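Student: Once you've had a glance at the structure underneath, I'll fire off some questions.
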Amino acid sequence: MKKIAIYPGTFDPITYGHLDVITRATKIFDNIIIAISNNVHKKTIFNLKERIKLTKLATFHLKNIKKVIGFNGLLANLAKREKSNILIRGVRTIFDFDYEIKLAAINKQIYPDLDSIFFLSSKEVSFISSSFVKEIAKYQGNIKPYLPKEIHFALIKKFKDIPQK
């Protein structure tokens with residue numbers, strides 16, 4: 001039986017930090033579903049359709065990415081629907097770990113077969129976050145080291161299209 005893992009996130013936008021986790025996970029799991037959250041309480045710069053498209057662009061070269069999907073609702077319920085019992089989570093800091101441990105416990109209560117596997121960020125990308133990258137882009141800083149080329153161009157264009165206050 002193939003091991004299907006889900007890597008959830010907002011991916012606004014997908015960064016080299018995310019790709020580090022995804023690439024390493026492809027060496028362990030047969031199939032990976034990248035699940036992009038459509039959390040209405042989180043303010044995103046890219047809409048869900050754009051985030052799915054950009055994530056597909058950034059991961060097209062990875063053969064065992066089963067699909068890139070958007071989702072609403074509980075992650076544990078998505079895992080059940082997709083017949084997956086593994087969540088992949090990236091951890092950069094002790095603060096991330098503290099949050100992720102609590103989330104894993106809640107997901108386990110909802111779906112007892114669901115396990116969370118934590119990937120420590122590689123040191124080269126451990127400081128990258130989508131929020132930091134967007135902040136740098138907003139003020140026309142150099143974001144090339146943090147994003148694949150296609151994502152870099154999309155983010156620059158997005159900030160040009162948004163009127164600055």
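Cβ coordinates are placed from backbone N, Cα and C, and glycine is handled just like the others.
Not measured: the values here are computed from a predicted model.
As listed in Swiss-Prot for this protein:
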BINDING   Thr10, Phe11, His18, Gly90, Val91, Arg92, Glu100, Val125, Ser126, Phe127, Ile128, Ser129, Ser130, Ser131  ATP binding site
BINDING   Thr10, Lys42, Leu75, Arg89  substrate binding site
SITE      His18  site 'Transition state stabilizer'
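Tell me about the surroundings of these features in the structure.
Tutor: Counting every protein chain shown, 16 other Cβ atoms lie within 10 Å of the Cβ of Ser126 (ATP binding site).
Listed in sequence order, Ile6, Pro8, Ala35, Leu87, Asn107 are the same-chain residues six or more apart from Leu75 (substrate binding site) with CB atoms under 8 A from its CB.
Counting only same-chain residues six or more apart in sequence, the Cβ atoms lying under 8 angstroms from the Cβ of His18 (ATP binding site) belong to Gly9, Phe11, Ala58, Gly90.
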Student: Just checking, which of Lys42, Arg89 (binding-site residues) has the fewest C-beta atoms within 10 Å of its C-beta?
Tutor: Lys42
Student: Determine, from DSSP, whether Ile128 (ATP binding site) sits in helix, strand or coil.
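Tutor: Looking at the DSSP assignment, Ile128 (ATP binding site) belongs to neither helix nor strand, so coil.
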Student: Using DSSP and collapsing to three states, where does Val91 (ATP binding site) fall: helix, strand or coil?
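Tutor: For Val91 (ATP binding site) - judged by DSSP and reduced to three states - the answer is strand.
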Student: Across the record's substrate-binding residues Thr10, Lys42, Leu75, Arg89, the largest CA-CA distance in angstrom?
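Tutor: Greatest Cα-Cα span of the listed binding residues: 19 Å.
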